[in-house]
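Presented below is the structure to which this report refers.
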Amino acid sequence: MKELFALVKRNCKLFFRDKGMFFTSLITPVILLVLYSTFLAKVYRNSFVSALPEGVTVSDALINGTVGGQLVSSLLAVSCVTVAFCSNLLTVQDRVSGARNDLDMTPVKSGTLALGYFVSSAVSTLIICFVAAAAGLVYIAATGWYMSTGDVLFLLLDVFLLSLFGTALSSVVNCGLKTNGQASAVGTVVSSGYGFICGAYMPISQFAPGLRKIISLLPGTYGTSLLRNHAMAGVYREMEAQGFPAEVVSGIRDSVDCN
């Protein structure tokens with residue numbers, strides 16, 4: 001246990017000491033939030049309004065709350081995985097620098113080394129993703145707050161689970177990488193493509209049936225659905241309280257992968 005704690009401490013210190021890597025990981029979710037609110041908010045708003053039956057009017061506050069919940073859930077769904085790949089780059093850097101060879105020569109078991117990388121990467125990812133979640137909650141509060149305390153706690157639990165999934169996925173992928181170039185290439189592919197295949201950028205319900213079945217086999221899609229359900233649960237309760245027909249609420253939930 002002492003060896004594991006020492007490895008986790010060493011890896012976390014190296015990650016946070018690298019200012020470029022740390023600040024890039026930290027500022028990326030904030031940049032994504034700004035980009036999402038600037039470019040995707042209108043798309044989500046139009047999609048929501050188009051899903052409403054004719055004659056149904058909705059207040060701007062409720063629309064903004066719906067769009068805010070969808071934006072934040074998309075942001076967190078992507079960040080929990082992309083940040084994990086960034087924080088797990090230390091495993092590749094140690095191979096490139098030869099530090100891993102030095103560690104392999106110590107009495108520490110290889111399983112303990114692997115667990116040390118995993119735990120330290122998970123800790124770093126969780127810190128950054130919880131900061132991103134806090135920024136997202138501030139954004140929702142500024143646009144339209146309908147979340148309960150339970151919704152917030154479940155949202156944070158979703159972030160925790162999805163961060164562990166991202167750490168596990170990045171650990172599996174990075175274990176076969178030998179150079180920084182390979183790690184950068186993988187990180188670029190994940191950053192640019194993961195948002196689409198997990199349903200963050202565009203709901204899976206809008207994909208073709210065949211593609212929808214394939215994507216539904218990926219675990220990340222269910223993480224996105226969990227985040228979206230808890231980020232938008234208060235909005236759905238408010239819709240029901242305002243007398244929205246059950247089929248309308250169900251249709252809205254279907255359109256954003258909440259059913």
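Each residue's number is its place along the chain shown, starting with 1.
Backbone N, Cα and C define each Cβ position, glycine as well.
Residues annotated as domain 'ABC-2 type transporter transmembrane' in TrEMBL: 3-228.
What TrEMBL records for 21-41 (among others) is transmembrane segment.
Within the same chain, residues 11, 14-15, 21, 24-25, 28-29, 32-33, 36-37, 40-41, 44, 100, 117, 120-122, 124-125, 128-129, 132-133, 136-137, 139-140, 155, 158-159, 162-163, 165-167, 169-171, 173-175, 177-180, 182-183, 186-187, 190-191, 194-195, 198-201, 220, 223-224, 227-228, 230-232 sit at least 6 positions outside the transmembrane segment (71-92) and bring their C-beta atoms closer than 8 Å to a C-beta of that stretch. The transmembrane segment annotation in TrEMBL covers 71-92 (among others).
Within its own chain, the transmembrane segment (113-140) is flanked in space by residues 3-4, 7-8, 10-12, 15-16, 25-26, 29-30, 33, 37, 65, 68-69, 71-72, 75-76, 79-80, 83-84, 87-88, 90-91, 103-104, 147, 152, 155-156, 159-160, 162-164, 166-168, 170-171, 231, which lie at least six positions past its ends and keep a Cβ under 8 Å from the stretch. Taken from TrEMBL, the feature transmembrane segment covers 113-140 (among others).
According to TrEMBL, the transmembrane segment annotation covers 152-173 (among others).
If you look up TrEMBL, you'll see 185-204 (among others) marked as transmembrane segment.
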